[in-house]
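Features as listed in TrEMBL:
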- Lys36: active site, proton acceptor (ACT_SITE)
- Lys36: N6-(pyridoxal phosphate)lysine (MOD_RES)
- Arg127, Met305: substrate binding site (BINDING)
- 236-363: domain 'Alanine racemase C-terminal' (DOMAIN)
- Tyr257: active site, proton acceptor (ACT_SITE)
Amino acid sequence: MQPVAEAVVDLDAVAHNTRLLSGLAAPRAQTMAVVKANGFGHGLLPVARAALASGATWLGVTSIAEARTVRDGGIGAPTLAWLYGTGDDFAWAVRNDVDLSVSTPRHLEAMPAGAAVHLKVDTGLTRNGVAWADWPDLVARAADLERRGTIRVRGIWSHLASADDPGNPSVALQLERFDEALAVAAKAGLEPELRHLANSAGIVDLPATHYDLVRAGLALYGVEPIDGVTAGLRRAMTLRARAVNVKRVPPGTGVSYLHQYVTDRDTTMVLVPAGYADGVPRLLSNRGAVAIGGRRCPIAGRVAMDQFVADAGDLDVALGDEIVLFGPGDGAEPTVEEWAAWAQTNPHEILTGIGARVPRTYIGKEHVHG
Ligand SMILES: Cc1ncc(COP(=O)(O)O)c(C=O)c1O
């Protein structure tokens with residue numbers, strides 16, 4: 001069976017990015033590879049293995065189910081899970097040495113004996129994390145549980161709202177609050193081994209946010225986290241397909257649903273077998289582009305569920321020829337950032353939106369088997 005569309009993941013790029021990011025964090029801070037959401041769409045296990053072989057020492061996931069994927073894949077590296085209700089299978093996490101984040105007083109009470117926890121404080125994102133007003137009581141209770149030997153507080157952490165917006169005053173405010181939260185915890189008797197705050201943008205641009213551990217998501221996959229700041233990352237994913245129909249059409253030909261694209265000359269229409277079910281946003285209709293034979297070709301008309309049409313002009317295209325939907329940006333192909341701009345979203349949503357039926361294939365010397 002030959003896939004008509006595939007996401008090719010360059011694990012050498014992941015390894016390069018990990019080395020670069022962990023080099024920025026070292027020697028003070030360790031690096032966590034954030035591999036939630038199937039490794040931002042790249043495949044959790046291959047990315048995790050490549051990152052751990054290249055300088056990352058921790059893995060970050062959201063759900064306990066994702067942590068299970070890590071352990072079922074034979075990876076025993078330190079792993080933190082951070083998003084769940086209070087009734088999840090925390091006993092499994094303890095048995096399998098998965099650290100658990102605590103973001104509400106009720107989560108703290110739900111932690112089983114033996115849990116290694118990271119207390120998450122909301123320093124201003126107003127998303128997850130212990131509410132500021134609850135923090136003093138929560139750390140007092142956690143310190144009590146630690147003294148009794150019930151749990152171990154390994155980390156205190158928080159998440160930044162605007163690190164990718166240089167000069168945004170919220171960063172300094174969150175840093176101040178984080179330090180205050182650490183001081184309140186220290187007063188209660190908690191001196192955790194890992195304080196962590198930085199995401200990709202913090203790693204690249206804000207050394208003051210590094211503390212003991214940095215959490216690399218987007219940058220691990222090669223997308224520069226801050227517009228206009230080039231850290232030297234390499235994009236890991238190339239989305240490509242093969243032409244499944246090619247036809248020459250005359251001027252005045254309506255293309256795809258509702259004929260929202262009408263040709264103005266003799267031209268060649270190339271059918272690309274990937275649609276919005278595969279993660280090609282409908283907003284790319286009549287707006288996006290792909291690369292065929294090293295040339296940019298506009299998307300003609302509506303993107304459909306399984307397919308769309310590209311206008312190849314007078315290019316000589318044959319059935320089975322390769323079409324690059326997005327890639328590293330070394331040639332004519334669009335980048336994932338361009339796709340995100342066309343689709344009025346961020347690169348994260350494009351990468352995590354690549355559909356389940358698109359096979360992921362892996363290239364690179366650093367491909368770690370097992
Ligand atoms: C808590 C937390 N830390 C770190 C990250 C990684 O962020 P980024 O992709 O900006 O590096 C995420 C991802 O959204 C996150 O939710």
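Glycine too: its Cβ is placed from the backbone N, Cα and C atoms.
Note: Arg127 (substrate binding site) has non-local neighbours His159, i.e. same-chain residues 6+ apart with C-beta under 8 A of its own C-beta.
Lys36 (active site, proton acceptor) and Met305 (substrate binding site) have their C-alpha atoms 26 Å apart, to the nearest angstrom. Met305 (substrate binding site) sits 11 Å from Tyr257 (active site, proton acceptor), counting Cα to Cα. Met305 (substrate binding site) is surrounded by 11 other CB atoms, counting those within 10 A of its CB over all protein chains shown.
DSSP assigns Arg127 (substrate binding site) to coil in the three-state reduction, placing it in neither a helix nor a strand. The most densely surrounded of the active-site residues Lys36, Tyr257 is Lys36 (count of other Cβ atoms within 10 A of its Cβ).
In the three-state DSSP classification, Met305 (substrate binding site) falls within coil.
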